[in-house]
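> I am attaching a structure below and will ask some questions about it afterwards.
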Amino acid sequence: MSSPPEGKLETKAGHPPAVKAGGMRIVQKHPHTGDGKEERDKDDQEWESTSPPKPTVFISGVIARGDKDFPPAAAQVAHQKPHASMDKHVSPRTQHIQQPRK
């Protein structure tokens, strides 16, 4: 098989044509050019800003103060499951499997 000349590459839709071996296409990963990366860096610097201010939360008409109103310990207690005062005793069921006689 002949390879295309190094100086001039044919492009289809802006990229070189697919390489086939045994009737199947072979994926070729090529690194991107550095031109687009420089443009992205400029855009990132322009749009860098701090996070937007947090909106004030009103609970029953009063401004909430975050952890001061609801400490983390109180939230943990609210999410814990209540424990049973007495243990449940499950009676074991015997499984009877019907099998044919010999």
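Cβ atoms here come from the backbone N, Cα and C positions, even for glycine.
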> Of Lys20, Lys29, Lys68, which one does Swiss-Prot label N6-acetyllysine?
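Record annotation (Swiss-Prot, N6-acetyllysine): Lys29.
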> Which of the three DSSP-derived classes (helix, strand, coil) applies to Ser91 (phosphoserine)?
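Looking at the DSSP assignment, Ser91 (phosphoserine) belongs to neither helix nor strand, so coil.
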